[in-house]
Amino acid sequence: MNIIYFLIGCSVLLATLFLSAFFWAQRSGQNDDLYTPSVRILLDDEEEPLQK
Amino acid sequence: MTESTIAQLTTCYHCGEDCVSTTYKFEEKTFCCQGCESVYRILSENKLCSYYNYNDHPGATRQRIDKRFDYLDEPSIIKELIDYTDNEITTVTLYIPHIHCSSCIWLLEKLNKFNPAVHHCRIDFLKKQLNIKFDNQKLSLKGLVELLYDIGYEPVISLQDVIKKQNGADKDNLVAKIAVAGFCFGNVMLLSFPEYFGLSAYEQSFRHFFGWLNIAFCLPVVFYSGTGYFTSAWQNIRNKVMHIDFPLALGIAVLFGRTVIEILTKSGAGFADTLCGLVFFLLVGKFVQRKTYNHISFERDYRSFFPVAVQVIEGDAEKSVPLANLKVGQRIVIRHSEIIPADAILLKGEALIDFSFVTGESVPVNKTLGEIIYAGGRQTSEAIEMEVVKPVSQSYLTQLWNNEAFTSQQDNRMQTFNEKVSKYFTVVLLVIAFGCLAFWLPTDARRGLAAFTAVLIVACPCALALSTPFTMSAALSIFDRNLFYLKNTAVVEQLARIDTIVFDKTGTITTSGGNNITLNAVLRGHEKQLIYSTCANSNHPLSRMICRYLGSMAKLPVKEYTEMPGKGISAVIGTDNIRLGSGKFVFGHTEEDALSTRVHIMINEEYLGYFTFTQSYRQGLDKVGHLSPPYRLFLVSGDQNHEKKELLNVFEAGQMHFDQSPQQKLGFIQLLQQHRGKVMMVGDGLNDAGALKQSDLGIAVTDNVNNFSPGCDAILDGKSFGKLPAFLQFSKSTVRIIHCSFFISLTYNLIGLSYAVTGSLSPLIAAILMPVSTVTIISFTTIATHMAARRRGLQ
């Protein structure tokens, strides 16, 4: 049953990882504008003139 | 090729306006004006014509061209506007109202194709903001703004950028706090399950391990996520008011204390689960309550729409001077579509001033040389020169902001239900808790302490604290869908308590603009010109409407002009004798139609016909009229009482007040409040700003929420004006729902208390009771609010 200690440690570590990922996203402003990216993705890139 | 090609040929390729002539053509495309064509040329030179592929006619019409960004060379102004600057890079955030479609995003994020000095552009579509990073060695702020102007995206620049401030203010890490609380809540729940399901003797060693982990998880919840409640409770004690935060903080503290002690003394499992859940749900409630509208500002005053700087003539040269440095006696130049920033005397040029910001009346007024023009008007004709007679802050309109209503912080807003109840709640809670302690202490001290803490835990008004935020946020989203935007959730409760409603007239209950004039006569061109020239001299609203109806034409010199107030005008132009006015004035006898106003036309003693004016009131005004009783309705208008007769259907004769200055409007609200009225002011222009601020609830009516509206508590889209009675009734329903949910949460508290007073509250019961009561309250309030809305006919 001692494996439980290890498993709980893993689960807490994983959860902390997710939490810090959320913090990073929040701090780098990824949640500031939740609308514009949904439009931006529909805009095509410029077609590069073929080179050669 | 079918109809669509034909349609494209006659409308402007850039903005979609009708093309009057075919002069402006470029690459097979037609344009309505030079401005639109030049935007297209710029785009096509830079190979950015995909702009037109995403949407039809994405551009803003450019029928007027005048650059006026010289003030952006002033270092003091630049400093105010930019976000960040160093020797190389400057970042600036600009508000561009024209951002409206995907083409806008596409084009504006490609600014560096126009000018390589622009490093980075990002649009926030909902806020209509453009964030730009550029090389300040190669491009000035003025150059950047001119570039934006050239491609048809003129930013609105104002020193008092309230939207930025409003959005920046609420950065108290609430989201981060919720994240931490949620994270701990999840983990603690997982670790508490074994305890709830029972651990065999063989698994006892886990009990302490889980206990220690639980304490570890509680620490960030109490000392990071929950700190707000402790500081708020401490302020409560210092100010000697009992807010709901006090029992909440008490509950959190007791939960934490008892958990730590039970685990350390190995006497029990503690309430870690309940504690984390409590803080998490409370913070979610706080988050839900905080609804922000990115695109609407409720805090605007005159500075946010007055220009940043104004052109001052010094000697022979023009210089731009920041508005705050403008002095009495300076000569200023006001160009087409600029706003007059201070009361000034007209010295040169033809002034045709649109006072729609101030009064809501959009028909421009003609001003003669030497006349004082009040600040806030927008010049719609050529450039004029004026001499400032009053400093900006002391002008007729702006001195309103020096009034007490603006300078003193208002604490006289109505108390919310929550604030009222929590006072008594806290007292009763403490009485029960200490009662238990006193009851058990002589016989069983241990049990007494257990009962004391259990009461504080169970009676912690979590559900109560959540009922208001969730009901209000549901109500807010319903108002929102019906085009009624409230500043915050407390406004709903204020709305429910209103008993007196004061309306402004022009722009509020009447629609601004709108063609409601018909000509019942056949006029030749010269006759039209005669009538136009006569009416152009008059400030009477009807004359102004006739002028607008006839369109602008050359003004003939007028001799012997007389205006008889309330009757009509007569004038001699060349050899022609013109009389315009009421039937009595024109042919000496009355034959008036009660439903509409007529202006009869007589030229050289020959009767030609008449103009008919029908009032264009907002739709649903009759419904609003039915509010009385129980509400008391008043009308305060800055205008003369021309329309008194028509308005009698809605307002009683004694409750209409005409010819009121902005100060008088404010005073009128104060008077009503002194007679214990809960006053709601419905207005639109800057001249209502004082009344809106003074009233218990100020609503600004506007036809476009992105346009200017004065500082207020709520903004109502003109289209929903007729729903005002439904809004008022619905707000009453929401307050009733809050009352109901209060009783539901009390029931849960009583159930919990029946366990608690005996001192036998198990962690499991607390852990079940808390989430169940929370979920009940949330679902009850949400469902009930939506049902109430449907009953009132709101979407």
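Each Cβ is built from the backbone N, Cα and C atoms, and glycine gets one as well.
Residues annotated as domain 'HMA' in TrEMBL: B:90-156. According to TrEMBL, the feature transmembrane segment maps to B:174-197, B:209-230, B:242-261, B:267-288, B:424-443, B:449-479, B:737-758, B:764-789.
Same-chain residues lying 6 or more positions outside the transmembrane segment (B:267-288) and placing a CB less than 8 Å from one of its CB atoms are 174-175, 177-178, 181-182, 184-185, 188-189, 191-192, 195, 207, 211, 214-215, 217-218, 221-222, 225-226, 229, 248, 251-252, 255-256, 258-261, 457, 460, 462, 465-466, 469-470, 473, 763, 766-767, 770-771, 774. With a threshold of 8 Å between CB atoms, the same-chain residues lying at least 6 positions outside the transmembrane segment (B:174-197) that come near it are 203, 206-207, 210, 213-214, 217-218, 220-221, 224-226, 228, 269, 272-273, 276-277, 279-280, 283-284, 286-287, 290, 763-764, 767. Same-chain residues lying 6+ beyond the ends of the transmembrane segment (B:209-230) with a Cβ under 8 Å from its Cβ atoms: 172, 177-178, 180-181, 184-185, 187-188, 191-192, 194-195, 245, 248-249, 252-253, 256, 259-260, 263, 266, 269-270, 272-273, 275-276, 279-280, 282-283.
For the domain 'HMA' (B:90-156), DSSP puts the residue distribution at 20 helix, 21 strand, 26 coil.
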